[in-house]
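*Asks:* Could you have a look at this structure, given as structure tokens, before my questions?
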Amino acid sequence: MDLKMFLVFTPFLLHAILGFPIQVRAEVILLYFCAESPSPTETDSEDEVIFNRILKVNKDSSQYLQEGDIVPQRSRSAISCRHCNWPQSSDGIVRVPYVLDPTYEESHIKGIHDAMAEFETLTCINFVKRKTERDYLIIKSADGCWSNYGKVGGGQTVSVMKGGCMWKGIIQHELDHALGFLHEHSRSDRDKHVKIMWEYISPADRPDFKKFENSNNLGLPYDYSSVMHYGPYTFTNTTGRATIVPIPDGSVHIGQRQGLSNLDVAKINKLYNCSRCSTILDAASGSLRSANHPRNYSDNTNCVWLIRTQSGKISLHFQAFELQRTRGCQGDYVKVYDGSSKSSAVLMDKTCGSKIPNDVVASSNLMLVEFVTDGAGTAAGFQATFTSGRSENKENGKEKQSVSNQPSSSQRKNIV
Ligand SMILES: [Zn+2]
């Protein structure tokens, strides 16, 4: 028996012999494995709520921060941010100029660009390199993960510290603050959806849990899985006691691990008056189909589905396919990308007609499906399923399945 097996099994044997658990075993085993593998695995980190990671990094920050990661502004209150939206161009695109810290390395820049790409795919926000614009983001590796709330004017810092904040969800969280979004639990209607457990919060009037009575909720629902939601134990003064409990069902999961949610996207599109048809599919498997399928789809649509599983390579399998046939599929088509953006590599180029396409496999846990229709001719559309290979560390209990149609008219109201 080697040392590892000895350490793992000895406590169990002793437990069996002595009749009481040997409390040291977890620590001993942990120490052994820590010595062997000093850094957490990617899966461990992915399983942590984004906001917890932000707080861990920010506890050493010298920056004074409200609610854990927002730079306070004396000149205005967070609830009366009327002129802090970024301007919309006549083409409907909201271009947010930015400059990047010159000390970022290639991998950091890629991480930031990947986080930005999802905004561009799902909303009308485009982060663009600054030329001469007066108002812009200075994305740099300062001390922690933090941001201002909304557009401040001039160059404003979004701190994405190397090492601690280089996670897609964290970058998106801080960029979302800069677009004008507060933490979800600060909404005026939060008391209908979560109970703040003041007895586990010190001091009792801690401003991080302040509710903004005049928050602009955009007529969209409270979102437990917003990338802007605190985790359940944020700022607790008693280990194991939650500070935020969903009501009426306390077992509802709160906080986020992966990035923007569908409601985060809907809120951005509503605040910025964007017309976008986009859906995130973040379960381990699920399905998607064109609107009305198997009845005919509408003319002049342009919809995307971002399949974003936690791990594994995504496989897409078409079950039904019937699109108006045009030369070069320039009219109606489905196109599939190997990543989260239309600038990602193409896995399946514009496809139309009635032959069911071959399965498509992405190189990672991200795949983008685009469905475009022109102003003439229609057909039954398509239906497809997706699955993702599981990583070795995957907990089966966390797997879930989602089904998505193209947004129905009522959903579309939320998305537009
Ligand atoms: Zn925040």
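Every residue gets a Cβ built from N, Cα and C, even glycine.
Below are the features I grabbed from TrEMBL:
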type	residues	note
ACT_SITE	GLU174	active site
BINDING	HIS173, HIS177, HIS183	Zn(2+) binding site
COMPBIAS	391-401	compositional bias 'Basic and acidic residues'
COMPBIAS	402-416	compositional bias 'Polar residues'
DISULFID	CYS81-CYS84	disulfide bond
DOMAIN	77-275	domain 'Peptidase M12A'
DOMAIN	277-389	domain 'CUB'
REGION	387-416	region 'Disordered'
SIGNAL	1-26	signal peptide
*Asks:* From the Cα of CYS84 (disulfide bond) across to the Cα of HIS177 (Zn(2+) binding site), what is the distance in angstrom?
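*Replies:* A Cα-Cα distance of 11 Å.
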*Asks:* Whole-number Å only: compute the distance from the Cα of GLU174 (active site) to the Cα of CYS84 (disulfide bond).
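*Replies:* Per the Cα atoms, GLU174 (active site) and CYS84 (disulfide bond) stand 15 Å apart.
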*Asks:* So, in DSSP terms, is HIS177 (Zn(2+) binding site) helix, strand, or coil?
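*Replies:* The residue in question, HIS177 (Zn(2+) binding site), is helix (DSSP, three-state).
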*Asks:* Residues other than HIS173, HIS177, HIS183 within 8 Å, Cβ to Cβ centroid, of the Zn(2+) site?
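*Replies:* Surrounding the site, in chain order, are PHE51, GLU67, ASP69, ILE70, SER147, GLU174, ASP176, PHE181, LEU182, VAL227, MET228.
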*Asks:* Would you count the other CB atoms within 10 A of the CB of HIS177 (Zn(2+) binding site), including those on all shown protein chains?
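*Replies:* Result for HIS177 (Zn(2+) binding site): 22 other Cβ atoms within 10 Å.
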*Asks:* Out of HIS173, HIS183, which of the binding-site residues is least crowded by other Cβ atoms within 10 Å?
*Replies:* HIS183
*Asks:* Run through the Cβ atoms and count how many others sit within 10 Å of the one on CYS84 (disulfide bond).
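*Replies:* I count 19 other Cβ atoms within 10 Å of it.
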